[in-house]
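In what follows, a structure is listed as structure tokens, so that the remarks can point back to it.
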Amino acid sequence: MAGKEFTVDLNKPLIFQVGHLGEAYQEWVHTPIVTDESPRFFKSDLMEILTRTVWWVVPLIWVPVAMWFISISYTMGHTLPLVVLMSVVGSFIWTFLEYCFHRFLFHIETKSYWANTFHYLIHGCHHKHPMDGLRLVIPPAEAAILAIMFWNLYGILFTVSTRPALFGGGLIGYVIYDMIHYYVHHGQPTKQSIKKLKKYHLNHHFRIQNKGFGITTTLWDRVFGTLPKTKADKKSG
């Protein structure tokens, strides 16, 4: 796969190659290779392991953590219905964060060596190899860093007793996000609602990559005008 003056060798570790593509990186990374194979990122086996995660690790780790945080608000004196409500609100807040991350961070346009490298590591790899099942959910180490950041942010925004339930609800929202994201890539949904999400997300990968940033919901795409037009809409318009 070639840039203007650089060729990416897909048989060698990719991370420190992609930066050399410069301005050609954007076109290269948004030209997907549809295969289940998981390309190698690093020469180091340890670093390589840290970039690969099987889907079931996400609920295994984060559901118990989320429930523990939610229980803290209950032990601080809030009623069970209120704790449940705060958890639901926390999950709803996650859907907005999910949209913002995907639109404003994961789809930044880069051209410098290190910016290309960073972008490929956090999201570009998913667009280049959208069916790589081992790099579809967020690795635990990366998720833990983000969780610590948001825990501290929530400490500024919310009270001591509401913070844990809202944060725990956000973690549940994150788990739902990663599970839906994995399923719309690798599952064969029978329910119409999930079928629509699958079509919606694959449309983002293979047709209109600068729209359709929601994974768990299309709500924020509708609110912020990034809802892609369907083929029927284009014909009628």
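Any Cβ shown, glycine's included, is placed from N, Cα and C.
Caution: TrEMBL annotation is automatic and unverified by curators.
Among the features that TrEMBL reports, domain 'Fatty acid hydroxylase' is placed at 88-226.
The transmembrane segment feature in TrEMBL is assigned to 53-74 (among others).
What TrEMBL records for 80-101 (among others) is transmembrane segment.
For 136-159 (among others), the entry in TrEMBL reads transmembrane segment.
Within its own chain, the transmembrane segment (165-184) is flanked in space by residues 55, 58-59, 62-63, 65-70, 72-74, 78, 83, 86-95, 97-98, 133, 136-138, 143, 147, 150-151, 154, 158, 194, 197-198, 201-202, 215-216, which lie at least six positions past its ends and keep a Cβ under 8 Å from the stretch. Positions annotated as transmembrane segment by TrEMBL: 165-184 (among others).
The average pLDDT computed over the domain 'Fatty acid hydroxylase' (88-226) stands at 96.
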